[in-house]
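Novice: What follows is a structure written as structure tokens; I'll ask about it next.
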Amino acid sequence: MATQFDENTVITIFGASGDLSKKKTFPALFGLYREGYLNPTTKIIGYARSKLSNEDLREKVKPFLKKPNGAKDDAKVNEFLSMVSYHAGPYDSDEGYLELKKIIEEFEAEKKVDEPHRLFYLALPPSIFIDVCSKLKENLYTESGIQRVIVEKPFGHDLQSATELQEKLAPLFSEDELFRIDHYLGKEMVKNLLLMRFGNTFLNAAWNKENIQSVQVVFKEPFGTEGRGGYFDSIGIIRDVMQNHLLQVLTLLTMERPVSFDPESVRDEKVKVLKAFSPIDHDDILIGQYGRSVDGSKPSYLDDETVKEDSKCVTFAAIGFKIANERWDGVPIVMRAGKALNEGKVEIRIQFRRVASGMFTDIPNNELVIRIQPNEAIYLKCNAKTPGLANENQTTELDLTYSERYKNYWIPEAYESLIRDALLGDHSNFVRDDELDVSWKLFTPLLNYLEGPDGPQPKIYPYGCRSPDGLVEFLADHGYTFSKPGSYQWPVTTPKM
């Protein structure tokens, strides 16, 4: 059983002056402290190159430390910030690390810590990642204690770069010490998938090719690159959210039942199903790039001055998948993601096969929708008799909206959940090295095709549209049956973002 980090743990955040730390890491630690899941004896040290004082860092992160409802809690904020300090230093020389080592060891000596517990959070760009890992291992590791290292994506740019990264990391950290964070695995509805699937007989029994007609994993954003064009141009939507976040969701949807919730049992099954994915057919995709909005008020992707004028960067993609195993053989699966669309949401759609005809001439499919964000919810579209004397069908839904059902529950943010898991030593919701390898093997040939000299030109779609032209036909070709116009309206739970 993994050792739980509790009293007198030292958490060091590299890249502490950056946006990720300010908007995600520090607020997540505060959330854990506020709810009683971070021991008040914890010492939190921010480390970066920026010349800041302790007070400078505290003032920088303070506006982002709030309650889940957005309200401030000054007393808790001040208590938390008293646990936070800052040290400036270079990333590429020993000097700053040795100074940091002294600070950590003085704290541990003062607290009479025999077995140090040190958690290092690397909120850093790929360009300096390995240098920092090497210096960290050389200067900040202790033989008498336990170290854990949280690393952020991207975990490589393709299979080759991911393999090279792994080869450099392997001599530095054991797999037990390394926590590759994909924040989607910390989202409440994603963490709910295994319990929902395998803890409910009616769902588990229907979760197969005999009953399921089509599967979709959907990601929509209502905004474009908004100043990140230069960065986004080098990655595109597939690397940004599909090879990592959405694939993690899909593996949890399609994996077999693990023998237990033990981290290795769960990750073993994820790798098994990934290996059963057929290679992506280059003709089984739909790609697009957003243009200006219909009214001209929103810019096109190419209007961004940091983007190459002839860029073929994909900002929307729909990809068909096939899984060659007993459970999923023949079931069409679509993963789709896009920027600059009409709304912001992430959801899973499982459409079931129609019931046999005979007593029913034309009855809609059942459909299970799992809303990951925003406003977590589960809907089951089903058929029922319309109240009254007539024997007519009405399509309705069974509705579990979390904000209504669990009003008095604290639903942790993804980073809160995952940092807590790392403190507990629980790897269940982190990416293992072989899992990363198989995922890149699946996507790299497609990326090479799209980015090669003979790669296709993405279709232009207007900023703010519901979907690019051709998506309805693409989904229909992949087994999805649309409701008749006006026959049913899905519950509206997604505010425009």
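Heads up, the Cβ atoms here are built off N, Cα and C, so glycines get one too.
In case it helps, Swiss-Prot gives these features for our protein:
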type	residues	note
ACT_SITE	HIS245	active site, proton acceptor
BINDING	GLY15, ALA16, SER17, GLY18, ASP19, LEU20, SER21, LYS22, ARG49, LYS153	NADP(+) 1 binding site
BINDING	LYS153, HIS183, TYR184, LEU185, GLY186, LYS187, GLU221, ASP240, LYS339, GLN373	D-glucose 6-phosphate binding site
BINDING	ARG336, LYS345, ARG349, ARG371, TYR379, LEU380, LYS381, ASP399, LEU400, THR401, ARG466	NADP(+) 2 binding site
Novice: Near TYR184 (D-glucose 6-phosphate binding site) in space, meaning Cα within 10 angstroms, which of the recorded positions do we find among ASP19, SER21, ARG49, HIS245, ARG336?
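Specialist: Among ASP19, SER21, ARG49, HIS245, ARG336, the ones whose Cα sits within 10 Å of that of TYR184 (D-glucose 6-phosphate binding site) are HIS245.
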Novice: Considering all pairs of residues in ARG336, LYS345, ARG349, ARG371, TYR379, LEU380, LYS381, ASP399, LEU400, THR401, ARG466, annotated in the record as contacting NADP(+) 2, what is the maximal C-alpha distance expressed in whole angstrom?
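Specialist: The NADP(+) 2-binding residues span at most 25 Å between Cα atoms.
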Novice: Find, among the binding-site residues listed as GLY15, GLY186, the one whose Cβ has the highest number of other Cβ atoms within 10 Å in the structure shown.
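Specialist: The largest 10 Å Cβ neighbour count belongs to GLY15.
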Novice: Round to the nearest Å and give the CA-to-CA distance linking LYS381 (NADP(+) 2 binding site) with ASP19 (NADP(+) 1 binding site).
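Specialist: Here the two Cα atoms are 40 Å apart.
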Novice: Inside 10 Å of the Cβ of LEU400 (NADP(+) 2 binding site), count up the other Cβ atoms and send me the figure.
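Specialist: Other Cβ atoms found within 10 Å: 15.
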Novice: Pop the Cα-Cα gap between ARG466 (NADP(+) 2 binding site) and GLU221 (D-glucose 6-phosphate binding site) into the table, whole Å please.
Specialist: 11
Novice: Give me the long-range Cβ neighbours of ARG349 (NADP(+) 2 binding site): same chain, 6+ apart, Cβ under 8 Å, in sequence order.
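Specialist: ARG349 (NADP(+) 2 binding site) has long-range Cβ partners SER214, VAL215, GLN216, VAL218, GLU367, LEU368, VAL369, TYR480.
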Novice: Given the binding-site residues ASP19, GLU221, and counting only Cβ atoms in the protein chains shown, which has the most within 10 Å of its Cβ?
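Specialist: Max Cβ neighbours within 10 Å, all protein chains included: GLU221.
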Novice: By Cβ count within 10 Å, point out the most packed of the recorded positions listed: LYS153, HIS245.
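Specialist: Result for the most crowded candidate: HIS245.
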Novice: DSSP three-state call for LEU400 (NADP(+) 2 binding site): helix, strand or coil?
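Specialist: Going by the DSSP assignment, LEU400 (NADP(+) 2 binding site) falls within a strand, counted as strand.
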Novice: What whole-number Å value do you get for the CA-CA distance of ARG49 (NADP(+) 1 binding site) and LYS153 (D-glucose 6-phosphate binding site)?
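Specialist: That comes out at 21 Å between the alpha carbons.
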Novice: Could you state the whole-number distance in Å separating the C-alpha atoms of GLY15 (NADP(+) 1 binding site) and LYS339 (D-glucose 6-phosphate binding site)?
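Specialist: Between the Cα atoms of GLY15 (NADP(+) 1 binding site) and LYS339 (D-glucose 6-phosphate binding site), the distance comes to 27 Å.
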Novice: Of all the binding-site residues given, TYR184, TYR379, which has the fewest Cβ neighbours within 10 Å once its own Cβ is left out?
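Specialist: Candidates: the binding-site residues TYR184, TYR379. Fewest Cβ atoms within 10 Å: TYR379.
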